[in-house]
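The structure appears below as structure tokens.
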Amino acid sequence: MAAARYDVEKGGRRREEEEEAAAAAVAQYPQREGEREWVPWIVPAIVVANVVVFAVAMYVNNCPSSPRGGRRGGGGACVAGFLRRFSFQPFSENPLLGPSSATLQKLGALVWNKVVHEHQGWRLVTCIWLHAGVVHLLANMLSLVLIGLRLEQQFGYMRVGIIYLVSGVGGSVLSSLFIRNSISVGASGALFGLLGAMLSELFTNWTIYTNKAAALVTLLIVIAINLAIGILPHVDNFAHIGGFLTGFLLGFIFLMRPHYGWMQRYVLPSSVKYTTKKYLAYQWILLAVASVLAVIGFAVGLSMLFKGVNANERCQWCHYLSCIPTSRWSCGN
């Protein structure tokens, strides 16, 4: 009995010692238990930049100086005239409380003819920073804060900034391939890129999530709702889809994290075996496949765009991805 009690006490002390050692390891290496938490600044900087660009657009627009905006009364008067030079175009021209289409084109809106025939490829980037109105700007910036801050806290400014910008360009490329007769502005493609990156991050870091099914279903519902809104008229869903696909591939490349066993190696008991590899094989495979697809996608897309290829001729039904006509509305070309 005494020997048995000694063994039990010895085993209990051993477990206590292991727990104390694990706690000491966590205290000594606080970053190794999980991932580093970054202080976000790139997402707030992007928000500020978009607001500043919108203010510049309104200054350049100068609604009171335009023939239509300078008229008193009726549907042609500037909205919020007390703002003077910063007042908005009439509701009949821009119901989103913003500048005119001519001003947006002057400042870098995405226009197919100018990109292809006038060799203004820089519009693929500048259009991301322009917004059609206050309503458009507030909706996008609120979404950016809700999505982007979490990602930047987990992965840092460099990776999130790259995904945001490259996804925006990816959305612009796909939009230009299908939409020729209207301009396009806004950060929606970049925002959908962050959503796509969140989805691929969930897949590539599958082992570190506890409520996997709940996280996946919730994210898929959010993505489906946002893409469904894109089938309404006057919404550039091709930019959404292009940005989402780009961000989805980039998430596999930039958001890969060590698997659960590696991150918990300092707190696991010594009796528990774990692999010494920081990343699992499937993570490297996903990264390689995503890298190849991203390069091929951009190469093919840009080649088709600058050759003036009309993607609608290659895909007869794809226009339904951006707008589905109903008895309540029609879809323009």
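Every residue gets a Cβ built from N, Cα and C, even glycine.
Heads up, TrEMBL stuff is auto-annotated, nobody curated it.
Record features (TrEMBL):
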- 38-60: transmembrane segment (TRANSMEM)
- 119-256: domain 'Peptidase S54 rhomboid' (DOMAIN)
- 128-149: transmembrane segment (TRANSMEM)
- 161-179: transmembrane segment (TRANSMEM)
- 185-206: transmembrane segment (TRANSMEM)
- 213-232: transmembrane segment (TRANSMEM)
- 238-258: transmembrane segment (TRANSMEM)
- 279-306: transmembrane segment (TRANSMEM)
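Tertiary proximity for the transmembrane segment (185-206) is limited to same-chain residues at least six positions away from its ends with a CB under 8 Å from its CB atoms, namely 46, 50, 104, 109-110, 127-132, 136, 140, 143-144, 147-148, 151, 160, 163-172, 175, 212, 215-216, 219-220, 222-223, 226, 236, 239-252, 254-257, 259, 283, 286-287, 290.
Taking every recorded stretch in 128-149, 161-179, 213-232 and counting its Cβ pairs under 8 Å to the transmembrane segment (238-258), the highest total belongs to 161-179. Residues 40, 43, 46-47, 49-51, 53-54, 57, 88, 94-99, 104, 107-109, 160, 164-165, 168-169, 172, 185-191, 194-195, 198 of the same chain sit 6 or more residues outside the transmembrane segment (128-149) yet have a Cβ under 8 Å from a Cβ within it.
Averaged over the domain 'Peptidase S54 rhomboid' (119-256), the predicted model reaches a pLDDT of 91.
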